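Chemist: Features from TrEMBL:
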- 12-31: transmembrane segment (TRANSMEM)
- 43-67: transmembrane segment (TRANSMEM)
- 79-102: transmembrane segment (TRANSMEM)
- 114-138: transmembrane segment (TRANSMEM)
- 158-175: transmembrane segment (TRANSMEM)
- 187-204: transmembrane segment (TRANSMEM)
- 210-235: transmembrane segment (TRANSMEM)
- 255-272: transmembrane segment (TRANSMEM)
Amino acid sequence: MKELFSFGHISIYFFGVTVALGALAGILLASREAKKQGIPEDPFFDVLLYTLLGGFLGARLVYILAYDSSYYFANPLEIIFINNGGLSIHGGILGGVFSGIWRIKKHQLSLWQIADIIAPALILGQAIGRIGCDVFGIPMAEPYFWGVKVNGILVHPAQVYELILDYLLFAYLWLRRTSASYQGQIFVHYLIGFSIIRGIVEFFRFNPTVFGFLSVSHLLSIVGIIAGLILAAYLKKTYPLEKNKEKNASPLSTLLFTALLIIVSTAIYYFVQG
């Protein structure tokens, strides 16, 4: 990981800073939406806290089991050290979903209402966190100007590809949230959309294939898409919504804000990583 600075034996890493900023941005956005919809503040914050903790544990556990289990079984103490990476976004989503459902049920909140509130905030946080990720892409076939040199080799900035697509998905979810036709639709669109994004970006990353040209991440993305489609069919019949009379967010202001996020995030990425 890229070290920004250190205090004695304590190091502050770029990825840690961007993940923290992403989590903060997501919490603020989700809390704003929850308040707007009349969700009690304390129970909702409890849901967010456990969702974050469950997401972190899930991200670490799935990485260990799916990507490098033999190494961690031989070196169990390494499980607690993440300064060299080792987090699976699919595991993070899975862990966050399970822990979030647990707390939502405990506080007797509406599961799909909360899921729809959290979905745009989640993809926004993921996009910001991706700025500091140091899992670079495969070498470029041609010397394109947007490439990044790693150990003297020009590679694809896979993180930039993903954060751009994440921000675009955020803009779509944010604009769609006031015109959903059934409860859970925004979360379903997040699940399918991000699975597609990760499946695309995976072609530009180094990961061992497990089935033909497909990696573990590809397979998990396929599972996410299928799960999203099944969930959509179920929710559409079970939790239909009347037409929302709330005024939609301005498409122009949302798109301009998204463009600004993309420009600033990309500039920071190249300033630190380039």
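Each residue's number is its place along the chain shown, starting with 1.
In case you wondered, yes, glycine gets a Cβ from its N, Cα and C as well.
Describe the structural surroundings of these features, if you would.
Modeler: When Cβ-Cβ distances below 8 Å are used as the criterion, the transmembrane segment (43-67) is approached by residues 23, 27, 30-31, 34, 79, 82, 86-100, 102-104, 107, 109, 114, 118, 207, 216, 220 of the same chain, each at least six residues removed from its ends.
For the transmembrane segment (79-102), the residues of the chain that approach it from at least six positions outside its boundaries are 1, 11, 13, 47, 50-64, 66-68, 72, 111, 114-115, 118, 122, 126, 134-135, 191, 194, 198, 217, 220-221, 224, judged by C-beta separation under 8 angstroms.
Only residues 6 or more beyond the boundaries of the transmembrane segment (114-138), in the same chain, are considered here, and those with a CB under 8 A from a CB of the stretch are 1-2, 13-19, 21-23, 25-27, 29-30, 33-34, 37, 39, 44, 47-48, 51, 85, 89, 96, 100, 104, 148, 150, 155-159, 161-163, 166-167, 169-170, 173-174, 177, 180, 183-187, 189-190, 193-194, 204-206, 261, 265, 268-269, 272-273.
With a threshold of 8 Å between CB atoms, the same-chain residues lying at least 6 positions outside the transmembrane segment (187-204) that come near it are 89-90, 93, 112, 115-116, 118-120, 122-123, 126, 137-138, 156, 158, 161-162, 165-166, 169, 172-173, 176, 215, 217-218, 220-225, 227-229, 231-232, 235.
Cβ atoms under 8 Å from those of the transmembrane segment (210-235) belong to residues 66-67, 88, 90, 93, 112, 182-185, 188-189, 191-192, 194-196, 198-199, 202 of the same chain, restricted to positions at least 6 beyond its ends.
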Chemist: Hey, which bits of the same chain come close to the transmembrane segment (12-31), Cβ under 8 Å, at least six residues off its ends?
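Modeler: Apart from its flanks, the transmembrane segment (12-31) reaches 1-6, 41, 44-45, 48, 52, 83, 117-118, 120-122, 124-134, 272-273.
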